[in-house]
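Pulled from TrEMBL:
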type	residues	note
TRANSMEM	24-47	transmembrane segment
DOMAIN	40-291	domain 'G-protein coupled receptors family 1 profile'
TRANSMEM	59-81	transmembrane segment
TRANSMEM	101-119	transmembrane segment
TRANSMEM	140-162	transmembrane segment
TRANSMEM	196-215	transmembrane segment
TRANSMEM	236-254	transmembrane segment
TRANSMEM	274-293	transmembrane segment
Amino acid sequence: MSGQNFSHSSFVFRGFPELQKHRWLLALLFSASYLLVLLGNSLVVYVIRSVASLHSPMYLLVCLLCVVDVLVATAIIPNMLLGFLFDWDHISLAGCLTQMFFTHFLSSVESTLLLAMALDRYVAICKPLRYTEIIDSSMLAKLLLFTLLRSISIMATLVGLAGSLRFCGSNVIRHCYCDHMALVSLACSSTCRNSAAGLAVIICFVGVDIPLIFFSYMKIIGVVLRAAAGEDRRKAFHTCGTHLMVMMCFYLVGSVTFLSHNLNIPIPTDANSVMGVMYILLPATVNPIIYGVRTKEIRNGFLRILNLRAKTILSVKVSPAGKPQT
């Protein structure tokens, strides 16, 4: 077959070339991180589902965020672990495009959920009397529809353009999962449309979502400064600051990984792979802490469930007469 028509149908991951001798350590590290993601997010989802008082728009958004975090981590981590432990580091083009779609689709859904949560808090704090009028089940349904339509249409276009390329050179993906530009960089045909599509994704999500999130939090801080004092101000600054820092890390790392190929920024493969994984794992690991452990209502709900479980266990161990069973 001539090189003119040839195109690779399978690829090999080489995400951490300088750390191959430490692959077992990497497997242990990412296994522990994945376990934390599963446990932390699943616990928050369980608490929100189990406590009726948490069935409000804000906590439903938190629940959706946790589900997305589990799914996006599951899209890449198990496959990475198979590569580290058993050298199963090959993937078909169809499998690569599928992983690419779900990874970027779920990340874009997370971006929209973060925006929705910021706007929800803005309405709750800045327009409390109109909160139930503005934020209701109809609004949530419209938001979810908008989220799905925006993410599916943009990411399907991105992946479709990548799938139309010919890969007649190297089939080694310098990443640990099917990142868009990591695959596109292997193409031997023109990638102008792919680079433009990648830039459009940055503009659509980072250029739109970040300013709206920042605006919402600035408004919230302004209201808190006028209405609160002392300890309440400090707590508000700490909460808003923590949320913004995690969000900025999410968007910054995502933007760098997307733009590094577009702008021909020379980033070592190991560093690029670490940033790509942290872009997925960092939010998925810390979100249950920020929106779960540090949220009073969710923390109280968890303690209430523990107390009920403890009482149930004690009632089983104690006989109706109040004496231990023999």
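Each Cβ is built from the backbone N, Cα and C atoms, and glycine gets one as well.
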Examine the transmembrane segment (59-81) against the transmembrane segment (274-293) and state whether at least 3 Cβ pairs sit under 8 A, considering only residue pairs 6 or more apart.
yes
Per the definition of 3+ C-beta pairs under 8 A with sequence separation of 6 or more, do the transmembrane segment (274-293) and the transmembrane segment (140-162) touch?
no
PLDDT averaged over the residues of the domain 'G-protein coupled receptors family 1 profile' (40-291)
86
Need a quick answer: max count of Cβ pairs under 8 Å to the transmembrane segment (196-215), which of 24-47, 101-119, 236-254 is it?
101-119
So if I exclude everything within five residues of the ends of the transmembrane segment (236-254), which remaining residues of that chain have a CB under 8 angstroms from its CBs? That is, six or more out.
107, 110-111, 114, 118, 205-206, 209-210, 213-214, 217, 220-221, 224, 228, 275, 278-279, 282-283, 286-287, 290, 294
